[in-house]
Structures are given as structure tokens and as C-alpha cells.
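A.B. asks: Have a look at this one.
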Amino acid sequence: MDNQLTTELKERYGIVFHDVNLLEQAFTHSSYVNEHRYLKLSDNERLEFLGDAVLELIVSQYLYLKFPELPEGKLTKMRAAIVREDSLAKFAKECHFDNYILLGKGEEASGGRTRASLLCDLFEAFLGALYLDQKVGAAKKFIEDVIFPKIDAGAFSHEMDHKTQLQEVLQRKGDVSIEYRLIKEEGPAHDRTFFTEVYMNGELIGLGQGKSKKLAEQDAAERALKSIPQ
């Protein structure tokens with residue numbers, strides 16, 4: 001196994017594998033195995049299968065606890081954005097995993113080292129190997145270091161509704177109280193328009209309207225997001 005990889009994992013993430021064969025397998029692409037059959041190596045596809053499940057469980061639990069007001073559909077949409085191919089490929093590159101993957105000559109020549117699908121699989125395979133080597137706690141710690149800060153910084157906030165986005169932005173500024181107040185209703189019963197104000201610590205920060213109370217609150221939150229520095 002590349003000593004530089006083991007050194008980087010230890011220095012950046014405090015990870016030291018007990019079974020380095022698992023680490024080597026995680027970074028071994030099937031194309032390399034096919035070109036080096038005499039070495040009797042195993043590729044990373046089975047580890048990828050396991051890592052996919054580990055990642056989904058840990059991310060799901062984090063989103064469930066962090067966003068108690070989000071419905072199932074919103075949580076599912078956000079999780080999908082986090083674990084999709086291009087996101088995981090980006091995480092793999094940020095971890096410098098692309099520098100260490102073992103590829104066959106043909107795969108290397110065709111640009112496999114920068115291919116999103118390959119890097120996504122590599123990231124999941126690494127998680128699978130880490131889980132087998134050190135159980136779920138180590139895998140969770142790694143994801144906490146690599147992925148959770150991006151969630152906290154709002155990298156996937158476009159997957160949330162405006163009220164949740166506003167809550168995230170304001171909570172980063174400290175302990176705040178957010179309140180929505182319905183101030184009036186206009187129009188006939190079959191075509192009402194609702195007007196809502198949103199307050200932060202008692203200060204008005206947004207005014208919205210909509211054909212339901214929920215839509216009026218969403219509009220108020222959206223307007224507040226546009227008016228406050230982030």
C-alpha cells in the first residue's frame with residue numbers, strides 16, 4: 001500500500017488501518033485487477049456496496065436529528081443531493097483519494113482517475129473498508145470531518161424550504177428566536193390571501209403573503225433571507 005496514503009490518512013483524519021489489506025482493496029479498481037491477475041488481488045466493488053449502505057445510514061441519522069421540522073420528502077431529497085455521484089466524487093478529490101487509486105493502463109489512459117462515477121465508487125469503498133476495520137464509529141467520525149461541515153455551512157440548503165434555510169442562517173449567528181405572525185387576511189373565503197411577518201428576537205425581518213398560511217410564511221422567510229447578510 002502507498003505509504004503516502006497511510007501517512008495522509010493519519011495526519012488529516014487520525015485514521016490508521018489495522019488491516020491494510022482492506023485499505024488496499026478499497027483503492028484497487030477492477031481494471032487493475034484484470035491487468036494483474038497473477039497478483040490475485042480483489043477489487044473494491046464489494047466494499048463499495050457496503051460503504052454505500054454505511055454512508056446512507058449515517059447521513060440519514062444526521063439529517064433526522066439536525067432538521068426535526070423537515071418532512072420525510074425534504075429529508076429524502078437532501079440526502080439524495082449529499083450522496084449522489086457528483087457530490088461523493090468531489091469529497092473523494094478533496095480527500096486526495098484520486099491520487100492513490102490503482103487503475104489499469106486502459107482505464108488510466110481514458111481519464112478514469114478524474115471520472116466522477118469511479119471516484120464516487122472509491123469514496124464508498126473506502127467507507128466500507130473503514131467500517132469493516134474499525135466499525136461504524138470510525139466511519140461516522142470520518143463523515144463528520146468530511147461531509148457534515150458542508151451540510152452545516154448550507155452547501156445543500158437549496159434542497160430545503162425557505163423557513164428551514166432561514167433557521168439555518170440565523171442559528172449560525174447565535175442563539176436566536178424566530179417567530180411568524182399572521183397579521184391579516186384579505187379576499188373572499190374561497191380565495192383568501194394571508195399576510196405574515198417573521199421576527200428575529202422580536203425584530204421584524206420579513207413580510208410575506210400567500211394563498212395559505214404556510215405559503216405566506218415561506219414567502220416571508222424567502223424575503224427575510226434576501227434582506228439579511230449571510
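Using the three backbone atoms N, Cα and C, a Cβ is placed for every residue, glycine included.
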A.B. asks: Out of GLU48, GLU56, GLU186, GLU197, which does Swiss-Prot tie to the same Mg(2+) site as ASP121, GLU124?
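C.D. replies: Among the candidates, Swiss-Prot records only GLU48 at this Mg(2+) site.
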A.B. asks: Give me the count of other Cβ atoms within 10 A of the Cβ belonging to ASP52 (active site).
C.D. replies: 19
A.B. asks: Mean pLDDT, the domain 'DRBM' (161-230)?
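C.D. replies: The predicted confidence over the domain 'DRBM' (161-230), as a mean pLDDT, is 88.
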A.B. asks: May I have the list of same-chain residues other than GLU48, ASP121, GLU124 whose Cβ is within 8 Å of the Cβ centroid of the recorded Mg(2+) site, in sequence order?
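C.D. replies: Near the Mg(2+) site, beyond GLU48, ASP121, GLU124, sit ASN44, GLU45, LEU47, PHE49, GLY51, ASP52, CYS120, LEU122, PHE123, ALA125, GLY128.
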A.B. asks: Please give me the CB contact count at 10 A for GLU124 (active site), counting all chains in the structure.
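C.D. replies: There are 26 of them.
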A.B. asks: Give the distance between the Cα atoms of ASP121 (Mg(2+) binding site) and ASP52 (active site), rounded to the nearest whole Å.
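C.D. replies: A Cα-Cα distance of 9 Å.
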